[in-house]
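Taken straight from TrEMBL:
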type	residues	note
SIGNAL	1-19	signal peptide
TRANSMEM	121-148	transmembrane segment
TRANSMEM	168-184	transmembrane segment
TRANSMEM	196-213	transmembrane segment
TRANSMEM	250-276	transmembrane segment
TRANSMEM	297-315	transmembrane segment
TRANSMEM	371-394	transmembrane segment
TRANSMEM	415-434	transmembrane segment
TRANSMEM	440-462	transmembrane segment
TRANSMEM	474-493	transmembrane segment
Amino acid sequence: MVGGTIALCIGLLTSVYLATLHENDLWFSNIKEVEREISFRTECGLYYSYYKQMLQAPTLMQGFHGLIYDNKTESMRTINLLQRMNIYQEVFLSILYRVLPIQKYLEPVYFYIYTLFGLQAIYVTALYITSWLLSGTWLSGLLAAFWYVTNRIDTTRVEFTIPLRENWALPFFAIQIAAITYFLRPNLRPLSERLTLLAIFVSTFLFSLTWQFNQFMMLMQALVLFTLDSLDMLPAAKATWLYGIQMTGLLLVCILQFFNSMILGSLLISFNLSVLIARKLQKNLKTGSFLNRLGKLLLHLFAVLCLTLFLNNIIKKILNLKSDEHIFKFLKAKFGFGATRDFDANLYLCEEAFGLLPFNTFGRLSDTLLFYAYIFVLSITVMAALAVAFHNLSDSANQQSMGQMGKCTIILKPETAYNLIHTILFGFLALSTMRMKYLWTSHMCVFASFGLCSPEIWELLLKLIHLYNPKRICIMRYSVPILILLYLGYKFWPGMMDELSELREFYDPDTVELMNWINSNTPRKAVFAGSMQLLAGVKLCTGRTLTNHPHYEDNSLRERTKAVYQIYAKRSPEDVHALLRSFGADYVILEDSICYERRHQRGCRLRDLLDIANGHMMDGPGENDPDLKLAGHPRFCEEIKRNLPPYTAYFTRVFQNKTFHVYKLSRNK
């Protein structure tokens, strides 16, 4: 009762803390509606616009019809938004807001953001419970929650990217991990096992429904299960249940998303099917001597890999699937399998979020002692896991006796083994791609706190240094986390109070001026072209039709975006006009921050990526590939501002401020 009460309180306090930081940073309650909407940057604004669209629809049925037959998100095309994007959460919230008697007391935007901050309470509570389940004491859950909050910069970004898909999905992912941790405990009662499986299924389904990258995260989970199952560190029957739940949850989402081909062609479904097929074909996989079993294991791994690639290629060819090819191009280039001039791959490679995890991250994690504790616990559990794996592979009997199984479970419990491999694989993912660090750092809090409060970890350590004593274990597992909690309170409490008292205000007058001008001076059916980040805000604030947008998981949209971005390349006004008019554009917005970009180094500026993709030499001092040629035209975004006749014949400037230039396209050319 005490532990559960503390879990709920710490979750709610975290939610209030993050909501207060968001309010203080933007003065959200006092700024205008257009400023609130502009604060939802890039794709966040796009997702929120559908919540707004559902609320503005005269009826729910008309709202649904507008999403299923949408012709404003991509000009000259009618797309099914429920199929293309993971926006069921916006639909659900809009229905709730309509049904509940709260319209008089709570504005729609607050209902939306408070729901997200409320999910953070669930997220922290799930992390707390996972650590508690692993260690056997709620003290470790409290330490995990404290670490999550004190490492806020590296564990969450919800306060400044509220509508982002991962902020919806990760709380359900944390619940799923907690449920799996409990499910892997031995000797569960049948009722407890069934209820836990239900919790795993529901959380897996909700996680899959709310994030387009669900399949890649669950593929990592499937690899964890495959590793543990192959090494006899997990009951095979439970692994089969989890494989089945993953596929069932994903296929149910596929149905709800009108048979989204990207889900059907996912590596996860191909991999899970391959594992189950290969297991049936290799029935005697877990028998024989050490070398015999090692050989069988390598053969099993090879069979699963080949079968996965075969099934995935067959499915993609049948479905003619190209939605996720940009991800594989990016991965191929990122890990050094040849340089690429592909615009989409380079767009990701040049973004800091998709680069390697910065080294200063470890400095911040070390300041809270989290990284030191994590490495300490990880080292001990890895040694234990290696010992158990060697023991299991060395067992030549056809079936392990219950006594042997019990002995292995004491050394490394299945739930501990699962969380160990989980944290290792997600650690590699975070190290390779900074944007994915939030999946690792939150689990790092759980794993480190569990280890410091675990009697098994302290028993292994004390036996190793010949100081084993049951009383010492009890002293260490309670005194160490309490001392760390006191240290965290002493060092970080004053800073947190300063954060809560620091008041700022949203300030972006140029974007506000642009949105107000569009609302006042352009037709409701006007089509706008520009950068995908800005256009998401245009759709949210003005409701105008777009040529392109930031939801990049569609091949035709990627081609369209590259064509629209020729406004920043070295192209003739005739070419640019023809390209924009082919998408029905009436206006084009040029941004000085892109045209004269200095944020990225040479070779990574958007204009450089376009030059390389077009076979043109880049601007400025520095080397160019020998096959790149001088462009036959000046850069469009620079030259158009000179108002020369070749440009004014096609484009008329209708708005200008310090940041944006809006041109109206002529229709008679």
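Using the three backbone atoms N, Cα and C, a Cβ is placed for every residue, glycine included.
All TrEMBL annotations are machine predictions without curation.
Among 168-184, 250-276, 297-315, 371-394, 440-462, 440-462 has the largest number of CB pairs under 8 A with the transmembrane segment (474-493). For the transmembrane segment (121-148), the partner stretch with the highest count of Cβ pairs under 8 angstroms, out of 168-184, 196-213, 371-394, 415-434, 440-462, is 440-462. Long-range contacts of the transmembrane segment (297-315) within its own chain (CB-CB distance under 8 A, at least 6 residues past either end) are made by residues 226, 230, 264-265, 267, 269-271, 273-275, 277-278, 281-282, 285, 321, 393. Among residues of the same chain six or more beyond the transmembrane segment (250-276), those with a C-beta under 8 A of the stretch's C-beta atoms are 80, 82-84, 86, 88, 205, 208-209, 212, 214-216, 218-219, 222-223, 226, 240, 243, 303-304, 307-309, 311-312, 315-316, 319, 321, 323-324, 553. With a cut-off of 8 Å on Cβ pairs spaced 6 or more residues apart, the transmembrane segment (415-434) and the transmembrane segment (196-213) reach fewer than 3 such pairs and are scored as not touching.
Within the chain carrying the transmembrane segment (196-213), a Cβ under 8 angstroms from the stretch's Cβ atoms is held by residues 85-86, 88-89, 165-166, 168-169, 172-173, 175-176, 179-180, 182-183, 188, 241-242, 245-246, 248-250, 252-253, 256, 262, 551, 553, all 6 or more beyond its ends.
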